[in-house]
């Protein structure tokens, strides 16, 4: 598998080469007022913490970033507490006097002081920060002053903890009992997790997090090392010191321009620029079947993998939104890690990822997942913030002020040092005395000298007059100055009163704003609580939605199966309907053919009747022979009379012997013992038949046809014989079954019982009369022989011949 990245480093790469390519551009952007995010990503034990921290003698990315920052802004740093961070992720600027008072107040507090750069460096990490490269940013705005603030947090089990918070006890590593719960101890105070807030610029920050102002690389790394000792690590099967939390080290850089004189910081909050560089040491993804984690380690691994999965999901949604133009919601709030750095993914700064890969064969599958995700993140593009101008002051103010001070010091040195106030006053008095008239010589050389004393008196009088004038003028000036002072005092008092009124108004406004802030904070807490409830509700609804979607999919699948079954059933029913329709059409055609055959037989019988009637009519009148009685017919054979002569062009009636149509098949002839012998001419005869008195399975197994002779008494008192025929079938159980197919009926009638028509006057006797007068036995029997039973009419269909 091949993956492409912007830069690939080998196993023997130096920390400096990695820093120059990856972290140095982020530090340059930090000093120029831009945000940056750098995090290491990989499986457990792949070297993420080593890449970020380094080793003794070879510092990692974090100490090199700190060293480059302080090498660049070292001579331009502001004094402590000139910049003051508030609890709303903002920064204020104080004047020199307020900063001095703040420093004195902090020095007088009994709490531990901030780390000082003059104290001795901890030898434990001294080699890590001893970087000899002296890397720095080339273009730094020299008319600005800078201050650096650092903070260090960890995200453990999706909770945020402050690693720089001063605590009286060891909060991070309490004692646990066998049930994985803290031991009840009165001195133990559980660590308080921090919450995330959003400032007025929609940037996320950790509320109440400790932020330390540092002035050197040593101070900053000492604060980091202090928090690193509190960070949670554990021994697993894959790493002896496995990070069990995500570590985030924040470096905030506050900068503001100098005033027009280049002496003090410009007291305007709008001109302050606050940039941030976040260095993230992610915990490694791990599989529990390899680490053999149990209890707390198992829960930690689950939370680590869940947060990394959320990070991956956010990146994939961002990529999908940018590539396909969709507007899906990025699930930042599913994890504290992604929620904290939401602004970076939305375009508020530059993001860099270092993918650490372990060449061990056991990590092959996990390394593939890591590199696949890292390759996808390269396709996500975030917007870059534009540079904003700081102020409209003339550049080079700091160096002009510095040059002026150096020139003033040089001139004072050439004049012999600084001139005190007394010398200036003496020079002024000397100049003032030079305005008086000079005194004459006061030396008396002779007792009679009358000129020296008068001249001296005159000169002294002139000086006295001049002094009085000066005194009067001085008094006038004093009075005028007192007047000016009174006026100034009154104006100052009025201004003071005005300022007091303004101050009281401002205090009222501030009080109202504080009240409003408290109300807004309460409202914010309420809204946060509602947001949490809504998030939980949304989660429940999403779960319900997922269940309903699954249920809907199952119902759709069930409906599809039912529809397919219905289609198959419809096809099967259509086939059955078509088959049944065809079957019944054939059956109807067969029945129609049978009916036609029956009608043809009836029509043929009528034709035969008409022919015989015609023959009788055309026959000459002879004496009718007496029909012997039935008893005599039984005693001796009957002489069959000659049939009447046929009509010309009429075919004679053929006498046919009745025989079974199935003579070539094997029959079972079932004749019950209760049957009476009929002694009739027409007797059923089936050759090769097995005659039995009762049906047996042995007889049925040898034959394929079955015939039952059944007798019953008709309504006219004559014996009626029925031949019930059927087919023999073998059953699945090895037995025999009979399916009846047709019935033949033989019926005897007495000729003396027929009614004869006695009225010969009717010239056109009806057809029934001709039938009643037809008494010839031979003719009647021949007609009965010609009658055919409908054996082809189907199972169970009965056709009875009309006996004549």
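Even glycines carry a Cβ here, placed using N, Cα and C.
The domain 'Kinesin motor' annotation in TrEMBL covers 1-380. Residues or ranges marked as ATP binding site in TrEMBL: 42, 43, 44, 45, 46, 47, 48, 49. The coiled coil annotation in TrEMBL covers 503-579. What TrEMBL records for 616-681, 747-777 is region 'Disordered'. According to TrEMBL, the compositional bias 'Basic and acidic residues' annotation covers 620-638, 662-672. What TrEMBL records for 765-776 is compositional bias 'Acidic residues'.
Location within the structure of each feature annotated in TrEMBL.
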residue: 42; record: ATP binding site; Cβ within 10 Å: 23
residue: 43; record: ATP binding site; Cβ within 10 Å: 24
residue: 44; record: ATP binding site; Cβ within 10 Å: 23
residue: 45; record: ATP binding site; Cβ within 10 Å: 22
residue: 46; record: ATP binding site; Cβ within 10 Å: 25
residue: 47; record: ATP binding site; Cβ within 10 Å: 15
residue: 48; record: ATP binding site; Cβ within 10 Å: 24
residue: 49; record: ATP binding site; Cβ within 10 Å: 24
Local confidence of the coiled coil (503-579) - pLDDT mean: 93
